[in-house]
Amino acid sequence: MPKIVVVGAVAGGATCASQIRRLDKESDIIIFEKDRDMSFANCALPYVIGEVVEDRRYALAYTPEKFYDRKQITVKTYHEVIAINDERQTVSVLNRKTNEQFEESYDKLILSPGASANSLGFESDITFTLRNLEDTDAIDQFIKANQVDKVLVVGAGYVSLEVLENLYERGLHPTLIHRSDKINKLMDADMNQPILDELDKREIPYRLNEEINAINGNEITFKSGKVEHYDMIIEGVGTHPNSKFIESSNIKLDRKGFIPVNDKFETNVPNIYAIGDIATSHYRHVDLPASVPLAWGAHRAASIVAEQIAGNDTIEFKGFLGNNIVKFFDYTFASVGVKPNELKQFDYKMVEVTQGAHANYYPGNSPLHLRVYYDTSNRQILRAAAVGKEGADKRIDVLSMAMMNQLTVDELTEFEVAYAPPYSHPKDLINMIGYKAK
């Protein structure tokens, strides 16, 4: 009976194991997870902190016991894979509760260890990061136990913005700092102005080009020379792949610690796959490498690997489009395609439209800003971005589908909109992009 070992039990690992079991009732499947919880919703964590998700149990899909009862898959939490011997096809496992080490053999190995939050490295009892449910519980308990009021949020990416919003909605008083003036880097810089407007509207302090120099108890000294007091600090300064344990194997890593994979999510070593935040692949619509550590990619990779292990040799990954979205108070920011800093590799033109998200005479209308970049050689879409209080998600998903099917910007005139006054226009923003491009 084949043995399948999975490293990591969150989005990629648990999903892949579950999909394998759906297709293969016989194989022995075991998952090693180094942390306390399995199969939790990473994307829910800021909303658990903000008490938007009122019961944290809603963010936890399975326990190991429930997973085994439903799927006959063994999950061992607090078990960390610390080394891989790909020649013997074994992994070395550390039981983090007992410090016992043992070896486990495999026929197929699926690596989905995820990523860890970067830290600024200050020794402080008031500093936290947010990556898993344990972090979420620690933050929530600290807030309650210490009557936290003033919170410093460091960083201005998706996680930091979501955390800041949820702290504010919880009734706390957050302040945002970021080490540069470039915030929310997946969006075009000039389309991020509503983030600052939303902060100003709520009188939430923020400082760009600012960093922490020292932490002494609750006293924070900044690069600017300011000295302020905070009850708590939450760092959102990026992540790094959990690939240290892979270095002793023959598995190839790139310079950033990611595992390059082929279109079957195979590594360079036979019988070993990599999925989720640790894997890097390529874009679907252009010939560039792409690392997209988001939920859709982990779930798609999990399904592809499961199909292959179950015997479908023809299924392949066609590449990322990098579709992403974030809510920040009243606004939605969404984009798809190459990153802003990758556009310089193309000869491109940009076309944009700003108009109401739905018919102007229908109540509640607000501006929606839609922007599309296209390749001048073939007029296919390279990137699109949308910002507004409504309708950004709808338009970016339509453009994602257009890119998936290699439509040109001109063909957007033929997009048949689902029109009624509360939703759109007879000639929608997407149509207008096509007309303006001509």
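Heads up, the Cβ atoms here are built off N, Cα and C, so glycines get one too.
Note that the structure is predicted; figures quoted are calculated from it, not measured.
Database features, via Swiss-Prot:
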- 8-33, 267-277, Tyr419: FAD binding site (BINDING)
- Thr15, Gln19, Arg22, Ser39, Asn42, Lys71, His299, Lys427: substrate binding site (BINDING)
- Cys43: active site, redox-active (ACT_SITE)
- Cys43: active site, nucleophile (ACT_SITE)
- 151-166: NADP(+) binding site (BINDING)
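Known features from Swiss-Prot, placed on the structure.
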| residue | record | contacts (Cβ under 8 Å, 6+ apart) |
| --- | --- | --- |
| Thr15 | substrate binding site | Ala298, His299, Ala302, Ser303 |
| Glu33 | FAD binding site | Gly8, Ala9, Val10, Gly13, Val75, Lys76, Thr77, Tyr78, His79 |
| Ser39 | substrate binding site | Ala9, Val10, Ala14, Leu60, Ala61, Tyr62, Phe67 |
| Asn42 | substrate binding site | Val10, Ala11, Arg131, Asn132, Ala295 |
| Gly155 | NADP(+) binding site | His178, Glu235, Gly236, Val237, Gly238 |
| Gly157 | NADP(+) binding site | Ile183, Asn184, Lys185, Gly236, Gly238 |
| Val159 | NADP(+) binding site | Pro46, Leu130, Gly236 |
| Leu161 | NADP(+) binding site | Asn184, Ile195, Val326, Phe328 |
| Asn271 | FAD binding site | Gln89, Tyr106, Asp107, Lys108, Leu109 |
| Lys427 | substrate binding site | Val417, Tyr435 |
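Listed in sequence order, Gly8, Val10, Ala11, Gly12, Gly13, Ser112, Pro113, Gly114, Pro293, Gly297, Ala298, Ala301, Ala302 are the same-chain residues six or more apart from Gly276 (FAD binding site) with CB atoms under 8 A from its CB. The binding residues for substrate are recorded as Thr15, Gln19, Arg22, Ser39, Asn42, Lys71, His299, Lys427; their greatest pairwise CA distance is 49 Å.
In this structure, Val151 (NADP(+) binding site) is part of a beta strand by DSSP. Annotated pair Val163 (NADP(+) binding site) and Asp28 (FAD binding site), C-alpha to C-alpha distance, rounded: 40 Å. Here the candidates are the binding-site residues Gln19, Leu23, Asp28, Lys71, and by Cα distance the one nearest Glu165 (NADP(+) binding site) turns out to be Gln19. Of all the binding-site residues in the list Gln19, Arg22, Lys71, Val151, Val153, the shortest Cα-Cα distance to the residue listed as 'active site, redox-active' is found for Val153. Using CA atoms as reference points, the binding-site residues Lys71, Val151, Val153 were checked against Leu23 (FAD binding site), and the closest is Lys71.
In this structure the alpha carbons, written CA, of Lys71 (substrate binding site) and Val153 (NADP(+) binding site) are 40 Å apart.
There are 12 other CB atoms within 10 A of the CB of Arg22 (substrate binding site), with all protein chains counted.
Cβ neighbour count for Gly13 (FAD binding site): 27 (other Cβ atoms within 10 Å of its Cβ, all protein chains included). The binding-site residues shown are Asp28, Val151, Val153; of these, the one with its CA atom nearest the CA of Arg22 (substrate binding site) is Asp28. Each of the recorded positions Cys43, Lys71, Glu165 was assessed for Cβ neighbours inside 10 Å, and the highest tally belongs to Glu165. Put simply, Gln19 (substrate binding site) is 13 Å from Asp28 (FAD binding site) when counted between their Cα atoms. Annotation for Gln19 (substrate binding site): same-chain Cβ neighbours under 8 Å, separated by at least 6 residues, are Ala302, Ser303, Ala306, Glu307. Rounded to a whole value, the Cα-Cα separation of Val151 (NADP(+) binding site) and Ser18 (FAD binding site) is 39 Å.
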